[in-house]
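> Below: one structure in structure tokens.
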Amino acid sequence: MEKEVTVLIVEDDKYISNFICMTLKQEGYRYIKTAMGREAISLSYANNPDVIILDLGLPDMDGSQVIEHIRSYSEKPIIVVSARQEEAEKIKALDLGADDYVVKPFYMGELLARIRVAVRKTKNTDTEMMETFERDYLKIDFVKRMVYIDNKEVHMTPIEYKLLVLFVTNRGKVLTHNQILSKIWGYGEGGDANSLRVFMATLRRKIEKDTTNPRFIITEVGVGYRFTDE
């Protein structure tokens, strides 16, 4: 590991907290832990961790409030790990600024994979003004605003191109329907869920070789979409 990555763990279940800490230590990560939301806000501000793992049901305040506080001064990735399985809870956390949502019980291997994606996002934050992006058979030339599949140019409408750029610059992160509508349409005319579904379908037909088994844009059922970072 090039640089020691620091993970802030906010979890009031001692068993889960200790298990995560032990695994992170074995993987070479540095960790800070707390069971309280208010202390999490202070620790985040003072230590500027690379990734934050956050439970929602904390003793002193709800984790959603912690997200709001941290987002007022930091854009570091927040991975929610919660027993709350309702889609409304996931959407709320993601709309407030969480980058990912893992439901308990979970496999540690999955959480580690999400952490690796978050760390890559942190490293890429200052290099998003790249001239090109390449992944497998997909290439985007941001300077010329051109998209290629297998080195052949693919025509994109302005909305399709904006959607693709939004996903690529947020790769690995779940984008909710509301977040996408806000970024692309500003909730203005045409910014409705039906329009989004239509544009997503046409975009996928243009960049995915198999739309039934997408390589790039994954549907998070009932929540939104994620551009894979693998």
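Glycine is treated like the rest: Cβ placed from N, Cα and C.
Unlike curated entries, TrEMBL annotations are predicted automatically.
These came from TrEMBL, pasted as-is:
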DOMAIN    6-119  domain 'Response regulatory'
MOD_RES   D55  4-aspartylphosphate
DOMAIN    130-229  domain 'OmpR/PhoB-type'
DNA_BIND  130-229  DNA-binding region
> Could you say whether, by DSSP, the residue listed as '4-aspartylphosphate' belongs to a helix, a strand or a coil region?
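In three-state terms, the residue listed as '4-aspartylphosphate' counts as coil.
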> Under the DSSP assignment, what numbers of helix, strand and coil residues are found in the domain 'OmpR/PhoB-type' (130-229)?
35 helix, 26 strand, 39 coil
> Please work out the helix, strand and coil residue numbers for the domain 'Response regulatory' (6-119) from the DSSP assignment.
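Residue counts for the domain 'Response regulatory' (6-119) by secondary structure: 55 helix, 25 strand, 34 coil.
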> Counting across all protein chains present, how many other Cβ atoms fall within 10 Å of the Cβ of D55 (4-aspartylphosphate)?
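Around D55 (4-aspartylphosphate), other Cβ atoms within 10 Å: 24.
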